[in-house]
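Only one structure is covered here, and it is reproduced in the block below.
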């Protein structure tokens with residue numbers, strides 16, 4: 001969540017709580033200027049109109065997730081202590097700069113984050129683990145943004161050009177190009193689905209046709225394959241890898257949150273906020 005966004009939400013919650021406790025004071029003055037007066041009711045309406053749906057989304061999302069995927073106070077406190085140790089005397093300033101009112105507000109954000117991480121980890125099923133029970137493979141690639149360019153490179157490779165030299169000359173992957181496109185060994189699930197599907201179909205030494213992924217167009221060469229270990233020996237490491245990859249993927253987290261909210265039977269009683277969950281997207285965690 002962005003700090004400014006959290007600050008607005010926190011401020012709005014406080015104001016609306018005060019409003020609920022004192023409706024008779026809705027005409028009270030919040031601020032004045034020459035020929036201008038801002039009443040409490042006008043101020044509250046503007047806040048609700050501008051930020052009410054964001055606030056409602058955040059409140060319900062946090063409530064749904066933290067109640068379904070419970071984490072201990074000890075785990076929350078450990079994360080808070082880590083932050084305090086990291087920032088030392090600057091801890092309060094860091095909270096302020098990120099729009100957090102106080103340590104209790106920070107704890108709420110940590111609790112939500114830990115609960116989301118727990119939800120993501122529990123999303124990994126036995127079927128997911130078995131689907132990724134594949135040997136580690138080693139591959140090199142040449143990455144370009146244009147399909148026609150990828151086809152031209154493939155033609156050169158088909159006529160005997162060096163894969164490693166073309167990778168150094170043409171690849172747009174700065175991390176691997178100086179190594180001739182070498183990506184090293186990787187396990188199932190480590191690469192984009194498009195890349196992985198193509199790579200696992202290759203025989204050692206074989207070069208693929210151009211493969212499109214969100215990163216561009218890849219030409220892939222399979223250069224190694226490890227022996228597949230017994231399932232019982234590797235299933236825990238496969239699960240851990242999947243958990244870590246999903247936790248690090250913000251898109252997966254957003255989709256999971258949306259799925260959980262759909263299952264939560266949410267009913268909005270305020271007509272001005274009733275479309276909150278059709279037009280507001282999660283801000284991340």
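Using N, Cα and C of the backbone, Cβ positions are placed for all residues, glycine too.
Here is what Swiss-Prot says about this protein:
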SIGNAL    1-20  signal peptide
LIPID     21  S-diacylglycerol cysteine
LIPID     21  N-palmitoyl cysteine
DOMAIN    134-224  domain 'PpiC'
Original post:
Do you know the mean pLDDT across the domain 'PpiC' (134-224)?
Top reply: 97
Original post:
So how many of the residues in the domain 'PpiC' (134-224) end up helix, strand or coil by DSSP?
Top reply: 32 helix, 26 strand, 33 coil
